[in-house]
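Here's the structure, in structure tokens; my notes come after.
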Amino acid sequence: MAKEGENSTFHARDYVDPPPAPLIDASELKKWSFYRALIAEFIATMLFLYITVLTVIGHKSQVATSPDACSGVGLLGIAWAFGGMIFILVYCTAGISGGHINPAVTFGLFLARKVSLIRAIAYMLAQSLGAICGVGLVKAFQSAYYNRYGGGANTLADGYSTGTGLGAEIIGTFVLVYTVFSATDPKRKARDSHVPVLAPLPIGFAVFMVHLATIPITGTGINPARSIGAAVIFNNKKAWDDHWIFWVGPMIGAAIAAFYHQFILRAGAAKALGSFRSQTHV
């Protein structure tokens, strides 16, 4: 029996990666587990947007109506709302759908062949519809304040260029998706079994930290479903003018994170090259 902190019982050569998900798996459409996962993604994203956007609207209304500069939850509280809800919802849905709650996360996992194309597209649709419904509930409950305080929509802040906003979204999403890959890596779980990690915790903290850094720039998207849900319900020209940033940036960031984790950290490129060389010398 290995002592705590030792890896003597684990060898990289003993670990076998799970097979990649098929590119197109039509058999999923016949399984209840597939539709159960879609329902979980829809409800989780709806709850995520409901709580977080309601927090944003509530904070802005408190600041506007109170002479106290410290009134409301502040940017720190908003960041905690986003990070805390991701922690809760990933914890609740990870065993059902994987707990993506974000099209960028789904896209990154698809590129890494963790989910099929059919599941990826279905997840993104469920997440986007859930986000729209979640923000719709916020508007229904806070109709007096919703439009007055921006509807929780992501927009590029004054004084920042489009390139800065795009870069902030790319880097922020990279941090999130890289954390998702690291926290859920089965090889890491096998190798570092003596260091138990509750995967939703670092993922939630990643969302929290990114929000602290980028709320002043873009309001922090890093989740296209969050951005489109607020944009559809708020339906303001400014929100739509900047909206492409909150799809292009997160998707680029997710793609870079998938490549970095799979081909650099997990040495996917080296394995592929080694396999090619062995075949050419047969």
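Placed from the backbone N, Cα and C atoms, the Cβ positions cover glycine too.
Under the heading transmembrane segment, TrEMBL lists 38-58, 78-99, 120-141, 161-183, 195-217, 244-265.
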Quickly jot the same-chain residues contacting the transmembrane segment (78-99) by Cβ under 8 Å, restricted to those at least six beyond its ends, or write none.
-> 36-38, 40-41, 44, 47-48, 51-52, 55-56, 59, 109, 115, 123, 198-201, 203-209, 211-212, 215, 220
Give the one range among 38-58, 120-141, 195-217 whose Cβ atoms make the most pairs under 8 Å with those of the transmembrane segment (161-183).
-> 195-217
